[in-house]
Structure formats: structure tokens, C-alpha cells
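To start, the structure under review is shown below, and the notes come after it.
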Ligand SMILES: N[C@@H](CCC[C@H](N)C(=O)O)C(=O)O
């Protein structure tokens with residue numbers, strides 16, 4: 001089964017075209033493919049291009065635990081580059097995901113991709129977050145020995161954004177996995193620990209739903225930047241600094257987000273079905 005591997009700031013994905021799927025991609029098989037030792041190794045699988053009624057292309061996004069994600073910012077940039085490499089697109093096109101339709105624009109021969117990610121929503125019923133319908137802004141949540149103040153948002157997939165004076169990987173590892181599955185989030189959640197550096201820069205550490213600690217995340221960058229803008233801590237153009245690199249986010253007054261970042265091609269390969277035995 002053929003695949004193309006790319007990374008976006010160290011957040012790596014395998015792109016598998018539907019015509020190359022030789023065996024049903026069950027939860028267990030996705031887990032095995034993404035496994036860093038027993039499989040190819042990846043932060044997820046992008047299945048496409050698929051037919052779409054409302055966009056140029058359809059895309060399905062799977063996490064390494066086999067769950068399906070509504071949206072993936074880095075995944076959308078990688079898929080856009082894949083379409084460019086296969087000469088299926090020119091500069092601008094649209095992609096349909098479970099989390100909504102996006103517009104993509106390829107630049108620098110595919111090494112940079114801009115995606116109009118859609119509107120960030122803070123409403124509890126949209127994210128979802130349990131409790132009365134409200135905007136989830138500066139609420140309290142407790143895991144282990146720590147009570148955090150958080151904001152929640154969706155850009156198609158759910159995010160829990162925690163503002164701290166300093167962030168580090170060990171905070172994401174210690175608390176991220178517990179917040180991911182906190183009962184406040186019926187669909188689980190991605191988690192970002194955010195430091196506001198100044199009005200144009202934030203730093204985040206990420207614990208992804210269904211993937212764990214990752215070096216970068218486009219939807220996380222979009223959600224965290226929108227929260228920083230919502231809280232009045234940043235202006236509308238924000239550079240998001242992550243261990244894997246930087247993503248540039250633009251937020252409009254009504255929280256439409258545009259994300260721009262790099263993509264790197266890693267490899268093309270063939271998955272042996274023996275791996276699933
Ligand atoms: N790394 C992705 C996010 C992938 C989906 C996420 N784990 C989820 O389940 O929502 C990104 O770049 O946005």
C-alpha cells in the first residue's frame with residue numbers, strides 16, 4: 001500500500017490515496033501504521049483526495065489512535081502540498097473536511113501553504129463542553145494537583161487553551177493526557193499550554209487528542225492565537241512558536257483564521273501487509 005510522508009514543522013503525516021488502499025483502514029491498522037516502532041511511524045494519516053459535493057477535493061484525517069479528526073491544520077497544509085506535487089492543483093483550491101470547507105493556497109513550489117481555516121467558535125455547544133450554553137472563557141478545570149484557568153474553542157476540532165507565565169514540554173506531558181479525556185469534553189480535546197510573549201508572538205506546548213505530544217499543530221495554533229486575540233493579549237497577526245517551528249496566524253474581528261506555514265516532503269514508500277499479521 002503506497003504512501004507519501006511529509007512533515008509540517010515536525011508534525012508528520014502519511015498521505016494515502018484511496019486507490020492505493022488495499023486493506024480496510026480499521027482503528028487497529030491505523031494504530032499499527034502510525035506506530036513509531038512496529039509501523040511506518042506518523043502523527044496521523046490523511047486519506048485523499050476523495051470526491052466532494054462542495055469542494056474541489058475531500059479529505060479524511062485520522063489520528064494515530066485510530067480516531068477521526070474533524071480538521072488538522074498541518075494535515076491540510078501537507079495534503080495541499082501533496083496535491084501540488086501530483087499536479088492536481090494550481091495555486092488555489094478548496095478542501096472539504098468533517099470540520100468544514102477550507103480554501104488553500106500553495107506558494108514557494110509547495111514549501112509554504114496558506115489555509116483559510118474557518119471561524120473559531122468559543123460556544124460550549126459547538127466545541128462541545130458540558131454545562132450551560134455559554135462562551136467558555138477563563139473557566140477553572142482541575143487535574144491531579146493543579147487547577148488551571150482555561151478557554152475552550154473549536155475550529156472544527158476541539159481545543160482547551162491554558163494561559164501560563166511559562167510553558168515547557170513536561171507540563172504538556174504531565175497534564176495534557178488528563179485534560180484530553182476530562183469529562184468536561186464529551187468528544188475529548190486537544191490541549192495547548194500558552195505563553196503570551198508579546199502582542200505579536202505566542203509560544204505553545206501541545207498535547208493532541210488521539211496523538212499525544214506533538215512538535216507543532218496548525219489547528220492548535222489557530223485556536224491558541226484566537227484565544228490570545230479574544231482575551232485582548234495579542235493583535236490580529238500572531239506568530240505561534242512551537243518546538244517544531246513557527247506558524248503565522250491572522251485573526252479577523254469575527255475570528256476567521258488564516259494559517260500560513262511550511263511543509264517538507266520526507267519520503268514515498270510502500271506499506272507491507274505483513275505488518276498487520
Ligand atoms: N496536528 C493536527 C491536529 C490533528 C487532529 C487533532 N489531533 C484532533 O484530534 O483534533 C493539526 O495540525 O491541527
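Using N, Cα and C of the backbone, Cβ positions are placed for all residues, glycine too.
TrEMBL entries are annotated by machine, without manual review.
On a predicted model such as this, the values are computed, not experimentally measured, just so you know.
Feature annotation from TrEMBL assigns substrate binding site to 11, 63, 73, 74, 157, 190, 208, 209, 218, 219.
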Next on the checklist: So if I draw a 10 Å sphere around the Cβ of residue 73 (substrate binding site), how many other Cβ atoms end up inside it?
Outcome noted: 29
Checklist entry - Secondary structure at residue 73 (substrate binding site) (DSSP, helix/strand/coil)? => result helix
Next on the checklist: Please give the maximum pairwise Cα distance, in Å and rounded to a whole number, for the substrate-binding set 11, 63, 73, 74, 157, 190, 208, 209, 218, 219.
Outcome noted: 17
